[in-house]
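Below: one structure, written as structure tokens.
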Amino acid sequence: MDESCPLLEVQAGHRQKLCGSNYPLSIAFIVVNEFCERFSYYGMRAVLTLYFLSFFHWDENLSTAVYHAFSALCYFTPVIGAIMADSWLGKYKTIIYLSIVYVVGHLIKSVGAIPSLGNQVVHVILSMVGLFLIALGTGGIKPCVSAFGGDQFEEEHTSERSKFFSIFYLSINAGSLISTFVTPVLRGDVKCFGEDCYALAFGVPAALMVLALVVFIAGSGLYRKTPPQGNVLLEVCKCIGFAIKNRLKNRSRQIPKREHWLDWASEKYSKQLIGEVKMVTRVLFLFIPLPMFWALFDQQGSRWTLQATKMNADFGIYVLQPDQMQFLNPLLILVFIPIFDLGLYPLINMCKFNFTPIRKMATGMILAGMAFGLAAVVELKINETDMPQLVPEESLIRVLNLAKNPVQVTIQDRDLFQQPVEAFQNPAEYSKLILNGEQQSLHFTLQHQGLSLAFNYTVKEKSVYSLIVFEAEGSLSSRLITDLEAKPENGLAAVRFINGLSQDVNLSIDSKRFIAVQKNYSASEYSLLERDKYNNGKCITEMGEFTLELGLLDFGASYTIVITNVSGGDVKTWKSEDIKANNVHMAWQLPQYLLISAGEVMFSITGLAFSYSQSPASMKSVLQAGWLLTVAVGNTLVLVVAQAAPMAQWAEFVLFTVLLFAVCIIFSVMGYFYVSVDPEDLEEKEEKRETSSRGNMISLVTQKTKL
């Protein structure tokens, strides 16, 4: 080892620092802790929407609402963490205690995902308790960890502290990148209890949170632990409340006006505190438009994931899980941060353009809005393969001709099928059938080789039907069966069988799935399968066991497979695609991920550093909590839209795009009038202020006494 450059250097104040830099060694433990904690949080959250959808069988709107309710809670609880850190325990102990709560929540959540443990009510209760504790833990430490990292630097090392936030953000996205790729694999590719292994997908993040806690405790002796400054948040609220109350009590024109409305608290509170509260309120006022950005950004884990379930995920060498697409965001962040810091921003500075933090954040909002515009376009393309939306007194019908010759089908008083349906003809799109009520008995006529046969069937509204025409015992017959009304969820394929043999069959699609189908054109129920080629199935009949080849069952498609004959050791089948497969490739989501990730770099990293730089030393955690509250409000907005204003998904994307562009204009105007303040200059400026108004304050007290 080169003795001229030891790994650690002990500098002024006996602070250990990394070789050749002003970075304290303690930040290494903080960064590793953040990496593990973010792995834990994002890994669990990556599979959460599909967990609600598949494990609890909730619909998309409820799953989205609960997902964003949990996300909102994760960003409301920072207020609790900020109060605990700044007024009671200090940042270090707050992180320790709430991390323990965090670990317990993860363990309960993992246990709640074990299918054999109780019924669905038990699973829901355990999952909700676990999510509440996780939200309390992760939210409580959020305002503390980044601020605690900033506290490790000397005041003169502002440039190193600024770069620390980029390193800190890199650790967040590195943990997020790995976890959002790995946990969907643990969920979908690993099977436990006969289905997707959510218990393992939640258990691994729980283990990483335990590791995060251990690493953080290991660096205990190296941290600079700033003692709590008193109940700062309560003092701020009291100061604001007193100023408002005092101003309302003293509305006489004889009382001189004051420079700022918070100056009305000067009878009770120090100028230093009032000045700090002024800084905090100015920044919090600037934060008001910011939730709309987060309303869009956090839909990557809900609406965008649900969009991915309706797309083609086959990339040739690898088939992505729908929730794995979320890994693109942290991956792109890791790429964009050095590009922006070392390339784009210096280039903009060379062009003499003052790219202020406010302008960076506004640009980030524009990019996020553009991303949702692209998401709306992708959603419209996806909808082209969807089943038509049915309305009251309306149904859909098609004809499957399994006879040997063409058949002309006529339905009572309706002119639907103009041409005869050829034998085993791939069916055309469904035809719309208008009814005169909720259900109607209709008269069907079949013309076949000069013969005319009539059948009556009852058809219900908002239903989808296939009319099967077949030959039985030398005569033409038919059967009306119900089809799927919508695409299978989560990119699964649906398949059902029609047994055209004169004997019952038992089918084995894979080693775990057995289907019994009765003879003479009876139809089975639909089975949901993962997208794959199924060429090793078994068909067991009275004649023996035969190989069943189904071919590719594609993403989101629905199939009807007719068993026509058994010969030569194989089963002869005919496959009809009832609902088209997802033909929009998942790669089309890449542009929207590129835009929203670039927007996050400009918006989130800038906002994190900006909120820290604009806060007084005693209120950094409080203002960090205020920044995180914007995320909570943003998630609440999504929750409200998902539940209160259901609309077509593409229209919802357009709505959010328009709202964000409008809010961006408001934020830009507010930012134009905002003047940055250095907290270190606050005390000096307050000491130099004129105090000529003290006489007025004395008369003011007299006025208050009269009141």
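Each residue's number is its place along the chain shown, starting with 1.
Every residue, even glycine, has its Cβ placed from backbone N, Cα and C.
According to TrEMBL, the features are:
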TRANSMEM  64-83  transmembrane segment
TRANSMEM  95-115  transmembrane segment
TRANSMEM  121-145  transmembrane segment
TRANSMEM  166-186  transmembrane segment
TRANSMEM  198-223  transmembrane segment
TRANSMEM  279-297  transmembrane segment
TRANSMEM  327-348  transmembrane segment
TRANSMEM  360-378  transmembrane segment
TRANSMEM  593-613  transmembrane segment
TRANSMEM  625-647  transmembrane segment
TRANSMEM  653-675  transmembrane segment
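Here the transmembrane segment (64-83) has Cβ contacts under 8 Å with residues 41, 45, 48-49, 52, 58, 94, 98, 131-132, 134-136, 138-144, 231, 233-234, 298, 301-303, 306, 621-622, 624-625, 628-636, 638-639, 642-643 of the same chain, all six or more residues outside its ends. With Cβ pairs under 8 Å as the measure, the transmembrane segment (653-675) is packed most heavily against 279-297, out of 121-145, 166-186, 279-297, 625-647. By the count of Cβ pairs under 8 Å, the stretch nearest in packing to the transmembrane segment (279-297) among 121-145, 198-223, 360-378 is 360-378.
Two recorded stretches are said to be in contact when at least 3 C-beta pairs lie under 8 angstroms, sequence spacing 6 or more; the transmembrane segment (360-378) and the transmembrane segment (593-613) meet this definition. Through the fold, the transmembrane segment (327-348) approaches residues 42, 166, 169-170, 172-177, 180-181, 300, 355, 589-590, 593-594, 596-598, 600-602, 605 of its own chain, all at least 6 residues removed from its boundaries and within a Cβ separation under 8 Å. Within the chain carrying the transmembrane segment (166-186), a Cβ under 8 angstroms from the stretch's Cβ atoms is held by residues 27, 30-32, 34-40, 42-44, 46-47, 146, 149, 197, 200-201, 204-205, 208, 321-324, 326-327, 329-331, 333-334, 337, 341, 604-605, 608, all 6 or more beyond its ends.
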